[in-house]
Amino acid sequence: MASLGNYTADRGHSTILRREKCDAYLLIHLETVLGEGFRTFFYFLGLAYCFIGLSAITARFFRSMESVVKHSRTVETIDPLTNTKIVKNEKVWNYTIADITLLAFGTSFPQISLATIDAIRNVGNLYAGGLGPGTLVGSAAFDLFPIHAVCVVVPKAGELKKISDIGVWLVELFWSFWAYIWLYIILEVWTPNVVTLWESLLTVLQFGLLLIHAYAQDKRWPYLSLPIEREERPVEWVPVEVVKYRPLDKVHDPHSEVSQVGEEENTRIVDIFSIHSGEGKGHFYQNLADGDITESSTSNSGNIIPEESDIVSIWKEQFVVALTLESAESRKLNNIYLRVARIFWQSLLLPWKFLFAFVPPYQIAHGWIAFICSLMFISGIAYIVTKLTDLISCVTGINPYVIAFTALASGTSWPDLVASKIAAERQLTADSAIANITCSNSVNIYIGIGVPWLIDTLYNYIAYREPLRIDNAEGLSFSLLVFFSTSVACIGVLVFRRLTIGAELGGPRVWAWATCIFFMLLWLIFVVLSSLRVSGII
């Protein structure tokens, strides 16, 4: 299948529509004899279904990530005064680094995979593909505006959730803004319209500087951190909660049970390990604190490790849940139309749910295997998305940058939206919800654009001794300027909310919805102006 660059009629002179015969196809050659309208509808439908798949795998990915972050280790120290041994649990992951790497990198993986696949297909071409950069810049705007808009209204009426560590947020915000300034310098100042090997290498290395700087701020290293005090924040990345669920699997300890609830059966993500209380009627589960887990487990890691039979039962339950079209909750609904709608939606999700049921349970290896498998599934969906985008651009003649700014950016950013929404709901502060947004924007540039450009520039340097040329660099630079201008307005509103109502998220419903609408207007301004510019209209 031809790449997006082959669909461009004249480089540097783009239009919204380019009418030319498309001989490419997705599954069978028979598609080429169908009408263009039907093919366009079919490909857009496939694209939407892929985005549904991305949202479905995000819940499983987030569960595995929670399991990774909750992992602790036993540390023994000697008290110098009493000469007694002190045993305590310490978290393996620093929460700031977890937000930047596991959360931001993981939720940005669809865009990163898409851009990397586009770069690999483009190896040997002197011009960079437009799919990756356009998607990542558009994704940055989607992350900053619509996701902030959703997170602002997620807390309950009157509930306030604020950033507890302003210093870390400022560091992450600085590197997020600098990422797009750096990209503009590459495209317009140092080497206009081309990217050299050293520029792409420096882009990737700056992600390491972000990690070091953020960690230094979190630990308040002298000379490398801002002198801003951190407010009290929860010890746990996910708060302890008390919930009611039916038991699925039991550990052989008669006094405790291990419970896992399928993602599709409830709208909230729950912790893995729970203890059964005999008080009251029915089954009641209370999440274990770290100390309780340690005392009831013989594992040095401080976590309950289910036996092999329990893991098999849990994995089996994943398939049972995936193949269930109607839950017990939906059967209780009196509205027949709502029940039918739910069954239809579950039928639509069933192929994805069945496929993702093959992801191993996140009780194994502290969630790492499930985490990696989830990213592999995301990469596979991203590959299909690139194929469908090629076909849509080929059949309709729509400029690929316009598709990237709109449909691809919104669809591939869906995991970001789901993850930030979950964090805004579950966590007591706004740190992770907002950190996922700002850090995802940094990851989009330093990794999502840096790595694909490094692949292509390295090949071009070795094979041709030539840099990588950027098609429609002026349009991309204009989009960066629009994004930077609108993002200043977005951050200004967040600062204003902190100074007036005391929190970035939540608050009175009127102000929350007013903020939400304003953020969505900023996103529309970016999309419209960027699309008109890359299409050569303005």
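We count from 1, first residue shown onward.
Even glycines carry a Cβ here, placed using N, Cα and C.
The feature transmembrane segment is assigned by TrEMBL to 41-62 (among others). For the transmembrane segment (41-62), the list of distant contacts is 26, 31, 34, 106-107, 110, 263-264, 269, 348-349, 352-353, 356, 359, 362, 370-371, 374-375, 377-378, 381, 384-385, 388-389, 391-392, 395, 407, 410-412, 414-415, 418-419, 422: same-chain residues at least six beyond its ends, Cβ to Cβ under 8 Å.
Positions annotated as domain 'Sodium/calcium exchanger membrane region' by TrEMBL: 43-215 (among others).
Marked as transmembrane segment by TrEMBL: 166-185 (among others).
According to TrEMBL, the feature transmembrane segment maps to 197-216 (among others). Residues 94, 96-97, 100-101, 168, 171-172, 175, 178-179, 182-183, 186, 190-191, 224-225, 439, 442-443, 445-447, 449-451, 453-454, 457-458, 461, 467-468 of the same chain sit 6 or more residues outside the transmembrane segment (197-216) yet have a Cβ under 8 Å from a Cβ within it.
What TrEMBL lists as transmembrane segment is 340-359 (among others).
Residues or ranges marked as transmembrane segment by TrEMBL: 365-384 (among others).
The domain 'Sodium/calcium exchanger membrane region' annotation in TrEMBL covers 367-530 (among others).
The transmembrane segment annotation in TrEMBL covers 391-411 (among others).
With a threshold of 8 Å between CB atoms, the same-chain residues lying at least 6 positions outside the transmembrane segment (476-499) that come near it are 133-134, 137-138, 140-141, 144-145, 148, 162-163, 173, 177, 180-181, 183-184, 187-188, 401, 405, 434, 470, 507, 511, 515, 518-519, 522-523, 525-526, 529-530, 533-534. Annotated transmembrane segment per TrEMBL: 476-499 (among others), in sequence order.
Packing against the transmembrane segment (511-532) from elsewhere in the chain are residues 16, 137-138, 141-142, 145-146, 148-150, 152-153, 155, 399, 401-402, 405-406, 475, 478-479, 482-483, 486, 489-490, 493, 497, 501, 538: each is 6 or more residues past its ends and has a CB under 8 Å from a CB in it. What TrEMBL records for 511-532 (among others) is transmembrane segment.
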